[in-house]
């Protein structure tokens with residue numbers, strides 16, 4: 001059912017922390033609303049607060065998902081169309097309090113749409129542009145679809161063209177979406193639907209385990225009836241075509257080495273089952289898509305293929321080559337399948353900050369699957385892909401406790417992060433999660449520094465993951481930034497543990513420790529984050545100079561804002577409130593650009 005708003009108002013975003021003051025009384029458990037009741041009150045809130053979602057009279061909204069908290073609070077996700085055209089970046093989440101009252105909205109769109117729906121260039125020209133832009137082999141180009149791209153400051157009419165084929169490595173499948181401006185014919189942006197993790201390898205990892213199979217005729221199939229009938233099949237080195245489900249006469253699979261093709265299948269099958277179990281038992285999510293269905297796991301893909309990928313409906317694993325072994329480790333399986341979960345829940349994008357958040361999300365839950373499985377052959381840790389090196393337990397793909405150890409990932413947010421490969425910009429989210437779970441300093445997993453010289457006390461991986469999952473489920477949007485992720489995880493911490501709880505304060509501290517600041521107010525009492533310099537010097541009198549306004553402790557600043565302070569001119573590197581230029585702890589917030 002579509003829902004149309006008939007009024008247009010000023011564009012107003014609801015600020016973070018809008019649900020912070022909502023709490024159920026201990027004496028009476030609120031009634032949990034039905035799905036239809038949750039949608040009805042969200043519809044009412046949406047109509048009453050049309051300005052907050054930048055709605056036009058041509059907009060229509062369709063419910064995508066409904067999340068109901070045990071408290072009775074609800075979170076209803078909508079997609080948007082404009083004159084019937086899909087709006088990319090038009091998604092939103094309406095939040096209602098346990099009693100039904102409006103509790104805020106998260107919206108990806110920046111401005112009200114007011115564009116012509118008549119294209120100035122032909123669809124065929126857009127298809128040619130998309131084909132020419134693809135960096136790899138092209139096997140097919142879809143008919144272009146008209147859409148509205150509202151992911152940037154000004155909405156634009158565009159063609160979405162899907163280019164199918166292979167990526168630049170000539171083996172990884174490609175389904176690249178290319179957005180072409182329908183008025184100028186220029187490419188706006190593109191993203192790859194097939195999300196990959198590049199590996200370095202090892203042997204076959206889980207050892208002897210119990211796996212669920214299906215009896216068929218006089219033998220058995222590697223199909224799992226207890227996990228949505230997910231199955232594991234053999235690509236026999238091909239990159240397309242059929243995949244044959246593994247069969248066995250005695251239900252005894254593989255021999256623990258690569259001499260038996262079923263050995264890799266056991267790891268993949270076990271990883272799929274453990275990922276399914278983790279989400280079901282931890283968050284009540286019934287399968288990757290939430291509908292009880294299992295997913296196919298395809299092994300022995302390609303010739304010496306050193307990769308694994310999720311393609312939107314199945315998992316595929318290469319065999320590696322040389323000193324790089326099959327990419328069927330537990331954390332890799334959990335990582336790739338978690339792309340399916342983030343796709344189903346928040347449809348996270350794959351460029352800019354959100355690309356890193358997308359990859360960090362998969363690293364976080366790949367790690368949690370590894371801990372959940374508790375396999376003696378592959379115990380839980382905070383590195384990704386450590387088992388797929390030729391040197392058993394060798395160099396991981398990524399280090400969550402200090403991401404920069406891989407030579408490319410970011411420990412701290414900076415303006416370079418949104419411009420980087422998502423596998424490297426994920427470092428900010430990975431570092432945040434480790435600090436929130438384990439804290440800073442040395443542990444059995446490694447030594448984790450902070451970007452602001454602070455000390456962070458962890459709350460444990462289970463609570464940290466619960467906060468992240470609830471934020472993904474109820475608040476995150478397709479164009480999420482790291483600043484928004486801070487805001488949304490704080491909302492999640494409030495929902496789960498209460499505003500200014502120890503968990504809430506730890507979340508604040510962990511984000512600040514990776515240089516992601518926000519406008520959320522500090523809580524009273526002892527802060528979770530203890531700066532190295534604990535003094536609070538009084539800023540000197542500051543009247544501004546050279547026509548540049550003086551820095552003000554109560555003003556929120558954004559990147560590229562300029563201020564004067566203490567006889568110098570400063571430019572903001574990123575968002576802050578109360579961080580004085582040049583003072584301890586603000587080294588990564590302000591850049592000195594001259595003297596008064």
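Heads up, the Cβ atoms here are built off N, Cα and C, so glycines get one too.
Note on TrEMBL: of 520-553, 554-587, the range annotated with the feature region 'Disordered' is 520-553. Residue pair residue 336 (active site) / residue 423 (active site, proton donor) shows a Cα separation of 13 Å. If you take every residue in the domain 'Chitin-binding type-3' (548-593) and average the pLDDT, you get 67.
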